[in-house]
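Shown next, in structure tokens, is the structure this report addresses.
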Amino acid sequence: MHAIAGLTGLLAGVSLSYAAPTHENITSDAYFYGQSPAVYPSPEGTGSGAWASAYEKAKAFVANLTPEEKVNLTAGTDADNGCSGNIPAIPRLNFPGLCVSDAGNGLRSTDHVNAWSSGIHTGASWNKDLAQKRGLHMGSEYHKKGVNVLLGPVVGPLGRIAEGGRNWEGFSVDPYHSGLLVYETIRGIQAAGVGTSTKHYIANEQETNRNPESTDGIDVAAVSSNIDDKTMHELYLWPFQDVVRAGSVSIMCSYQRINNSYGCQNSKTLNGLLKTELGFQGYVMTDWGAQHGGIASSNAGLDMVMPSSTLWNSNLTDAIANGTMEASRLDDMATRIIASWYQMNQDAGFPSPGVGMPADVYAPHQAIIGKSSDSRKVLLQSAIEGHVLVKNKNNTLPLKSPEMISVFGYDAKGPDSLGFALEWLSYSPAIQPNHTLIVGGGSGGNSPAYISAPLDALQQQVIEDGSSILWNISAQDPEVDPNTDACLVFINSYATEGYDRAGLVDEGSDELVTNVASKCSNTIVTIHNAGIRLVNNWIDHENVTAVIFAHLPGQDSGRALVELLYGRSNPSGKLPYTVAKSADDYGALLHPKLPEGQYGLFPQDDFSEGVYIDYRAFDKQGIEPQFEFGFGLSYTTFDYSGLNIGQVSDNSTSRYPPSAAIQEGGNPHLWDVILRVSVDITNSGPVAGDEVAQLYVGIPNGPVRQLRGFEKVNIPVGQTVTVEFALGRRDLSTWDVVAQEWLLQSGTYQVYVGRSSRDLPLQGEFTI
């Protein structure tokens, strides 16, 4: 067991002050040495708490391994299957090996599985219970297919850069929001007996220059995320703390550098923060091709390399022989990997690794059915709840028995063909022009069993109603029948791994919207968006009556949307990011950082804004957003009243018990309840609905407000429910870089409760 006392020197904060260069261009990484503190040795897993039995078995298993067998556990190998990566079997000890596969929104490159809603869509649902159910049902598909480890979910990137190409894979730009949803997701997936490799650790906030590049013989290193200790803890490490507390068996380290040390050999973040401070018991796996050093990476805390390693292999045993690596480090690497296998109970009753992942899906192979009829309800509900209604002029929606609807836009139709993975565009256009967008591009993509496109679902609805539907998918300036009751315009905003987005708008799509709106007095716009999408060019058009951010719903996209359009479901989604009125409002956090000036060969991205990203930055700078973080409309109305703030006895500003043994997630006293808050919410509208009650706290000397509670509740018409929030010590503390502790602050705290980060009808305070 690790104790908190004595960690101050080990976990000292990172300085962002650099010595002035003595030459125009920096040509050696030696210039940056020491900017990321060295933390050695790599802590051994303790097998504490829920891991005790798994570690006992793993240590006995590893004791019977040869050095070569231990080494083989630490790096991927080729196998005749379609898994993203494989660890070889050890037949003499009945270890069948491991299959690890993408990704956090459903399996890809295989058949008989579902394409689930993406991370951003789950974030927009604000539904913790649904997040766990989604994880459980999705995890069961991986289990049936013989996948030991799901490569996900994602909490890095957090979403610092508005144009970030992979923001859609994560849940939210807020660390608290993201942390609770990833916690429930991991609990769900691992309850299905499948491990998670949560990613990308850490501060992986842009795709541009994420990897080293070489052009015309000139080598450019990966971008460095330069981040101070306070910001690291209060933003980027926060959701990973919830990841560790949830018991994730693996964490995937990221491509880029952190304070000029590569993420997969950064001893500060791996040995210091993850394995010591947070008490992580699982193993650290590289992203694909993210290993940049040999023995240095193992000593820094890396445990497994994917998809293979040319730097380890026999070099590990050689390093032990020559004293550059301890034998105990290799034992710990192997133990962490095998303990995770035992922790998921995969030693008994688990399918053969990769049995449902054929190397060639188009060649004859055994059909392993991953999807289940039991998942249908959760699949659809997950798709429904991530839609966010942001405009509904004169209660345009839900539709009132229209006799005729007209459909326009490239995003309305399904793809012309459907294989075992949607097209991964080899560049990053503003839109996916060929079909409706249900998922982003890259390794986070998935393999739909079918795609319910909006046009298909609307046609089915029209058949059932006996009404009429017209459509023109391809025209940029279509004709509109004057007798149509509603014009439904479908556009999208694309994003993919490997590229950051070129912008937050698309002129062609905006022109389509305004062209239709100029001819139709009831224009309803649906945007399938893989990230922030600005709407300032047409949001105030008098004929644009309703707007839905539909995000990335997965294969039930059309079905989910029609449920909402026709009022069988009431919109309950809320934005997990801020939509600005102008791209310039995001300031320096709009674009990714590029190589420039003296850092042309070593790109530097200074996180100098600290904790002020997204709504925190808008609040600090007094910028009025188009739609604030947490905003979303309903077909009903909710009234808030009866704010009650009750402190519990232990609210000392002193350090929490320093002798407390570290458990998964850190000091267990961080979750001691310090404050209880309750409010009453009444449904004062015409229909039943779900409301997301949000609690924000203004901590002394901190941001104006930070999300510190949310609950989604169903409220019948005319009924009142009481919503309760329990706030822990971590929720009300700030990170002290000197004490290296989470500390409560002396002074007056503000408490806000309401419908969004800016619609907060209830306000109170308490003093510590």
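A Cβ is built for glycine as well, from the same backbone N, Cα and C atoms used for every other residue.
Cβ neighbour count for D287 (active site): 23 (other Cβ atoms within 10 Å of its Cβ, all protein chains included). Look at Swiss-Prot and you will find D287 tagged as active site, backed by similarity to another entry.
The N-linked glycosylation site annotation in Swiss-Prot covers N25 (among others) and is backed by sequence analysis. Around the Cβ of N25 (N-linked glycosylation site), the number of neighbouring Cβ atoms within 10 Å comes to 11. In the three-state DSSP reading, N25 (N-linked glycosylation site) counts as coil.
Listed in sequence order, I87, P88, I90 are the same-chain residues six or more apart from N72 (N-linked glycosylation site) with CB atoms under 8 A from its CB. The N-linked glycosylation site feature in Swiss-Prot is assigned to N72 (among others).
The N-linked glycosylation site feature in Swiss-Prot is assigned to N259 (among others).
Sequence annotations record features per position, and here Swiss-Prot assigns N-linked glycosylation site to N315 (among others) based on sequence analysis. N315 (N-linked glycosylation site) counts 17 other C-beta atoms within 10 Å of its own C-beta, drawing on all protein chains shown. Reduced to three states, the DSSP call for N315 (N-linked glycosylation site) is helix.
Taking the Cβ of N322 (N-linked glycosylation site) as reference, no residue of its chain lies under 8 Å away while being at least six apart in sequence. Marked as N-linked glycosylation site by Swiss-Prot on the basis of sequence analysis: N322 (among others).
According to Swiss-Prot, the N-linked glycosylation site annotation covers N394 (among others), on the basis of sequence analysis. Annotation note: N394 (N-linked glycosylation site) sits in a helical segment as assigned by DSSP.
In the three-state DSSP assignment, the secondary structure recorded for N434 (N-linked glycosylation site) is coil. The N-linked glycosylation site annotation in Swiss-Prot covers N434 (among others).
Neighbours of N472 (N-linked glycosylation site), defined as other CB atoms within 10 A of its CB across all chains, total 16. Annotation source Swiss-Prot lists N-linked glycosylation site at N472 (among others), citing sequence analysis.
The Cβ of N543 (N-linked glycosylation site) lies under 8 Å from the Cβ of A517, S518, C520, S521, N522, T523, each of these being in the same chain and 6 or more residues away along the sequence. The N-linked glycosylation site annotation in Swiss-Prot covers N543 (among others).
The N-linked glycosylation site annotation in Swiss-Prot covers N651 (among others), and the record cites sequence analysis as its basis.
According to Swiss-Prot, the signal peptide annotation covers 1-19, on the basis of sequence analysis.
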Listed glycosylation sites (N259, N394, N434), ranked by Cβ neighbours within 10 Å, top entry: N259
Three-state secondary structure, which DSSP defines for N72 (N-linked glycosylation site): helix
Between N434 (N-linked glycosylation site) and N472 (N-linked glycosylation site), the C-alpha gap once rounded to whole angstrom: 14
In three-state DSSP terms, the structure that N322 (N-linked glycosylation site) belongs to: helix
Glycosylation sites near N315 (N-linked glycosylation site), in sequence order, restricted to N25, N259, N394, N472 and a 10 Å Cα cut-off: none
Of the glycosylation sites listed as N259, N394, N472, the one whose CA lies nearest the CA of D287 (active site): N259
Nearest-integer angstrom distance between the alpha carbons (Cα) of N259 (N-linked glycosylation site) and N472 (N-linked glycosylation site): 52
